[in-house]
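S.K.: Have a look at this one.
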């Protein structure tokens, strides 16, 4: 089953009419993954005997019988979950993350776990114990990260929907690189219980699909309160599909000058074309400034790395994770297990975070980063007082060549400069395909105030209906 020309609505109609059985859909999906993943390496684990739930009601749930991919840092009962790390190479969970429980209740079928940067730390899916994932548009390019496997699986037609996680752009950047839609909801909109922690004040589970409406369908299911997660909001979740097909006339759209200045001329033209389409449809375009944009990368990497160093303390060979052999002392167990279990990028961030939290550095680094984070939040509050959404490029460039940036951590970190702010501020943000530059997709980022995913969906859906990018086929998947 190839999903390049399918969506949740089309599959639901076939399942409801009896033209397609959920069992056949699951089997065909697994067969197609095994065939096409020779090119992509988008998966860490494929469930060979994936079976749909029994007594599915296709009229009550659009997700009934729909195969969904899950990023490998989201806990799945009975399906290996590794976070793409040697540290967890044989971890078999005994419970489900809350989002998985909700999807099961909706009747979704789980066909496997997708590749990612180890512990979600990276922007290219090159930092994986299971090898690099390839971009379906050009197999020599990265798919972005850290949710690169989920993005490639959707763009490559292996599934119609996938879950990812976003700590600094890990859904939106790969969505842009692969020409699909990806949304990071408001921090607290979706439960993080069962998400392997990276940066606890930044992490958020989200959705990646080819069509905007499909993400709305999935978010309808996974959003909402959870007694296991004290940071998740209990406010009522609207039907996000109601924002699909809406008029954008009168929508107040802010365009940050710092974002537009960060991209090349050709890429700027593609982004500007989408902004002009909004204007032609009656949206009100306002140029604005996010003056603290230049500080977001160092601010983020201090905060995120500090939280990561704390969260990853538990993986020591005693409490959790890989345990090294031939050790002679308890200290030897700790040192060898962590040295052998973690990859280079994870160790780099643990060291950075441990330094920022150390007694001599806490006030100079972490405390100052927290203050700058407040300034960044204030910038957004000021803009949303007079605007409904913020739009601009998702990334500063299209997907880059595999191996071209992995040896330069600073260059790799700067890939996140346009996406990080939304995580620091906790606001909803999405990337929707805007067009092609040098044959590779680029995305338009849409942001809104906290818990206003509705305007994000409304704006992104308008862009999708205008440019119909979903009709394009990734060139790397052509026979």
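From the backbone N, Cα and C atoms, a Cβ is placed for every residue, glycine too.
In case it's useful when we look at the structure, here is the feature table from Swiss-Prot:
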- 71: active site, charge relay system (ACT_SITE)
- 146: active site, charge relay system (ACT_SITE)
- 170: active site, acyl-ester intermediate (ACT_SITE)
S.K.: Can you tell me how far the Cα of residue 146 (active site, charge relay system) sits from the Cα of residue 71 (active site, charge relay system), in Å?
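M.R.: That separation, Cα to Cα, works out to 9 Å.
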S.K.: Could you tell me which three-state DSSP class residue 146 (active site, charge relay system) falls into?
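M.R.: Its secondary structure by DSSP: coil.
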S.K.: In angstrom units, rounded to an integer, how far apart are the Cα atoms of residue 71 (active site, charge relay system) and residue 170 (active site, acyl-ester intermediate)?
M.R.: 11
S.K.: List the residues of the same chain that sit at least 6 positions away from residue 170 (active site, acyl-ester intermediate) in sequence and have their Cβ under 8 Å from its Cβ, in sequence order, or write 'none'.
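M.R.: The list for residue 170 (active site, acyl-ester intermediate) reads 117, 120, 123, 145, 146, 147, 164, given in order along the sequence.
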